[in-house]
Amino acid sequence: MRQLFKDYEVRQYVVQVIFSVTFAFSCTMFELIIFEILGVLNSSSRYFHWKMNLCVILLILVFMVPFYIGYFIVSNIRLLHKQRLLFSCLLWLTFMYFFWKLGDPFPILSPKHGILSIEQLISRVGVIGVTLMALLSGFGAVNCPYTYMSYFLRNVTDTDILALERRLLQTMDMIISKKKSRVGVIGVTLMALLSGFGAVNCPYTYMSYFLRYSSPGTATAPNYGYDHKQKEKEVDALEELSRQLFLETADLYATKERIEYSKTFKGKYFNFLGYFFSIYCVWKIFM
């Protein structure tokens with residue numbers, strides 16, 4: 001499991017265990033289908049393991065996974081951190097309500113089975129699973145040609161990347177210089193405030209006066225020809241611009257890697273598959 005999650009961004013141990021157990025039992029169900037075809041094991045043994053696998057997978061999909069998703073969502077909210085278990089249960093009950101109401105439009109209810117029977121749960125899981133598989137397959141059918149076809153790749157050169165990196169560095173230099181100037185002016189303002197008081201033995205008075213005038217939403221501090229709020233807005237705008245430039249630079253590097261990958265044998269193979277599946281999808285639409 002450590003090798004499987006070596007470069008995985010989720011480091012929670014519970015999430016890794018849930019995924020591993022679900023994957024293991026899914027593979028076991030696939031093996032049981034093969035055993036059913038080949039006649040391996042007794043029929044009673046195959047039925048027992050099949051039912052046990054279904055119970056475990058339904059327990060994970062319906063109870064554990066939604067609960068832990070709600071738990072991690074609530075844990076990231078500071079106001080609800082102390083009562084995260086209670087709110088996680090409320091989120092899970094809300095999920096169960098909509099999960100159960102999902103089966104109302106479909107003829108999957110039967111008086112022969114109980115509320116929490118395997119038939120009732122697997123019918124709803126099947127509806128959700130088929131819907132998600134259809135959405136993912138449709139997205140993959142469109143995204144795969146767009147990702148691998150060289151037709152959709154824009155031309156990116158080293159000059160474009162260097163120019164964008166130069167703009168990013170200039171923006172970072174401007175941010176640093178404006179922050180330094182703001183800190184320097186604050187220091188000058190503080191010294192002016194301190195020199196304005198006669199009592200030298202009252203540092204608390206100096207600090208309270210400075211904090212009272214430098215905090216947002218209070219009275220305006222002595223300006224000394226410098227608008228602190230305007231400077232802060234300029235710094236915020238430059239920081240937002242630097243983030244956008246960084247994302248554009250990363251996108252250019254990714255596009256350049258895609259161009260280099262498309263020139264390899266494997267890239268040309270996937271490019272051919274992209275054209276093939278594009279024609280196939282268009283043919284399936286009209287046929």
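Every residue gets a Cβ built from N, Cα and C, even glycine.
Per TrEMBL, the feature transmembrane segment maps to 12-38 (among others). Within the chain, the transmembrane segment (12-38) has long-range Cβ neighbours (under 8 A, six or more residues past its boundaries) at 1, 4-5, 46, 49-50, 53-54, 56-57, 60-61, 64-65, 68, 72.
Residues or ranges marked as transmembrane segment by TrEMBL: 50-73 (among others). For the transmembrane segment (50-73), same-chain residues at least 6 beyond its ends with a Cβ under 8 Å from one of its own Cβ atoms are 12, 14-15, 18, 21-22, 25-26, 28-29, 32, 84-85, 87-89, 91-92, 95-96, 99, 118, 121-122, 125.
For the transmembrane segment (85-102), same-chain residues at least 6 beyond its ends with a Cβ under 8 Å from one of its own Cβ atoms are 62-63, 66-67, 70-71, 73-74, 124, 127-128. Here TrEMBL flags 85-102 (among others) as transmembrane segment.
The domain 'Golgi pH regulator conserved' annotation in TrEMBL covers 117-180 (among others).
Annotated transmembrane segment per TrEMBL: 122-144 (among others), in sequence order.
Here TrEMBL flags 181-228 (among others) as domain 'Golgi pH regulator conserved'. Confidence annotation: the domain 'Golgi pH regulator conserved' (181-228) carries a mean pLDDT of 54 in the model.
The annotation transmembrane segment is assigned in TrEMBL to 183-206 (among others).
Taken from TrEMBL, the feature transmembrane segment applies to 269-286 (among others).
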